[in-house]
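A.B. asks: Input: one structure, supplied below.
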Ligand code: NAY
């Protein structure tokens, strides 16, 4: 399961429906042009927390159908409705997804026993491996080394998508659990994470900058840190401008500019105004 995975965008139309043709184009662009090793489906970047259970299943279907066996597929199934998470985990597993992933349960301040029960309940219901999706800045859930270790005791928990700038904790997890997979989740920190020997990365900006991300990761693996730093610098020039202009809508606009029908974002997420569209096109011209 090692390697670089795009946190896949989804194409929506103005009414918020999944634009299947556009979604297929995004999948193909990531496989054929960005040349990533896999796709992380229905994560934050896929606007997962803004869509219905039926839409999540529809997206799992379309992506699986379009990608076939070309790349590895990870299905993010985490949901506050645990029955829904179990249903989605079963659904994606039956489709043949290589692994599932689940965000830590959020909004209510769940204690660790509740978080552990959430993961074990999902895993007891499916014959598949799971990658914990940890993103404390959005969920408010900050797990420590011991708590990760407690979750890792379940052999079906094969790793973590670590979207946090805590490199002390990242190094401690790496050291303590050499056999678990760690995926770096912040594209702007990919080099720093790669130096700590992560097993791969999952990123939103890989939808448009996947090839450079792969270069950073592979250069770091070969110990060519100066070269990797140069590519991370160019990457971060791009990411800084994308973040300034609005993360997901700007990536969608860049995709559209490249001929990929990425659609608009689901409300209440805004799409870009005309000035934002022009900015996105300038960003693409300048950096991609
Ligand atoms: C997801 O599930 O889509 C991700 O978490 C992918 C990781 C991204 N995090 C978010 C919150 O979008 O790629 C990162 C991030 O967008 C990027 O580093 C820019 O900050």
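Cβ atoms are placed via backbone N, Cα and C, with glycine included.
Pasting the feature list from TrEMBL:
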BINDING   45, 202  pyruvate binding site
ACT_SITE  133  active site, proton donor/acceptor
ACT_SITE  161  active site, schiff-base intermediate with substrate
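I'm curious about the neighbourhood of these features; can you describe it?
C.D. replies: When secondary structure is read from DSSP and collapsed to three states, residue 202 (pyruvate binding site) falls in the strand class. Applying an 8 A CB threshold to same-chain residues 6+ apart, the list for residue 202 (pyruvate binding site) reads 5, 6, 7, 40, 43, 74, 161, 183, 184, 185.
Taking a C-beta cut-off of under 8 Å and a sequence gap of six or more, residue 133 (active site, proton donor/acceptor) has these contacts in its own chain: 43, 76, 78, 101, 102, 103, 104, 160, 161, 163. Look at residue 133 (active site, proton donor/acceptor): DSSP puts it in a strand.
DSSP assigns residue 161 (active site, schiff-base intermediate with substrate) to a strand in the three-state reduction.
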